[in-house]
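First up is the structure itself, then whatever we jot down about it.
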């Protein structure tokens, strides 16, 4: 059956990864860029030995936390529009367990990444080994089973020859636009070093062709009829539109037929913010302009969107009595949502073909799009100039903290800097082609409403899983994707404390990243949530046991790692820090102490959250009753 080559399982894995290519729109390039690893006794003598012997073209990076390096790998793949990946290798037990949150993040966002956790012995001879857990009812269960529900594909290798079919399945999944996500291949640590006579044909160059899925004539005609029969259609731009590269087609249809664009977090920066018909973010963290347009719509054209609760305001954002839905998505499952007419096809191709079928059509929005955008831009301008007053300050988040408490924060943190003012100062100061990243807390809402990205694919938000700690780790992935650009992590103190280990990795490998740390000494977003629903401020502020506000010197922490650091508590200090940071070759961190309750509030939106049905607090009871009342106007599925 052809020539054989004797390799260990790990050597075969690395040899195979070097031969995987992807072909999109006539361009062919290697699919696997490199591998992140933290060596332990489960992988150092297998995968470690294989990489040392011959890594091929793979770039190898030593991570500092398994979740962190997997986030970096995911961010790289997401930024590369899912056309390149990094693999991630860990040891057994806790190292593998640390992948669970990162795998869930990749799965929720449909991002391909190859996870290779080591496993316990296939022979079971030394069981239980170090870092192995035991279950009385099954010896077949290991820590790696926890990765099953958060993987798009999962397998366990207990024989070398199993690797071949497993890798083919994994790469089929990772290169499928409709079901891309994390592929997990667990390799027993004794099997990693076990040799086998592999067929040489397994290691030939393999090209994974990503052909654009074509819409059928029935789909095109049905979609065109829906649009032409509508009066006020709105296009909801999702992440699938960005991965498809549908920017030009979206702009052309929007301009030709006067159809407004609104965006999900994943779809933002598919089309530049200053495009006249782009009304910005949609839903709970959306702009007033986008949400007003959506309420007027009689047709929602969803392009590559999952219709999450944040995009649909928990299914209250639209007038479901009159609005119809047209979904264009490579995923059949996503296309079926909200009783839509389904076009299961590539966004770029479909929009290009639809354009010519709409000749003679024009929406009835008239000048409304411009008026809505102007109204919102005026509000954005106001939010850029918020100033704190110690006597009578009216924060964006109202009726939570008294003036006395706000003054206490100003004194404890030595700042009077509002969050929106700081954020928009950054937007105006950093290079236009910079890439920003964020994931959790109040900052994603501020960014979706306020941030203007005028270079496509420069806004990178992980808001499928909203995983705290993705922000700093992911910035390393951005830098690997864009080595010649400035990349910025926009992160709150809560997320920074959760995970920032790959800042050290960035410094170690001279991959300059910039961390913009907003410190309001607490979990401010969740504090807003609890107080908005009748509860008091309970264990979301960072206070000491004698109720003093915690003031951490994060700049000193980062300085200890080797970063260039700055403290900026005024607009002037912030501008100066940003300008100086551009000149640095090493990673930087700018620490900003910002006042609580100065993030943006919601605009004509609602979030369905669980509220206590029974409470001794009247305010909680009222919040529950208000929630039940609002549900009466929400679509139930």
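Placement of Cβ uses the backbone N, Cα and C atoms for every residue, glycine included.
Now, the feature entries from Swiss-Prot:
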type: BINDING; residues: 66; note: thiamine diphosphate binding site
type: REGION; residues: 442-522; note: region 'Thiamine pyrophosphate binding'
type: BINDING; residues: 493, 520; note: Mg(2+) binding site
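Features per Swiss-Prot, on structure.
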{"residue": "66", "record": "thiamine diphosphate binding site", "DSSP class": "helix"}
{"residue": "493", "record": "Mg(2+) binding site", "DSSP class": "helix"}
{"residue": "520", "record": "Mg(2+) binding site", "DSSP class": "coil"}
Most Cβ neighbours within 10 Å: which of the binding-site residues 493, 520 is it? 520
Give me the Cα-Cα distance between residue 66 (thiamine diphosphate binding site) and residue 493 (Mg(2+) binding site), rounded to a whole Å. 21
Taking all protein chains shown into account, the Cβ-based neighbour count within 10 Å for residue 66 (thiamine diphosphate binding site) is 28
Rounded mean pLDDT for the residues that make up the region 'Thiamine pyrophosphate binding' (442-522): 98
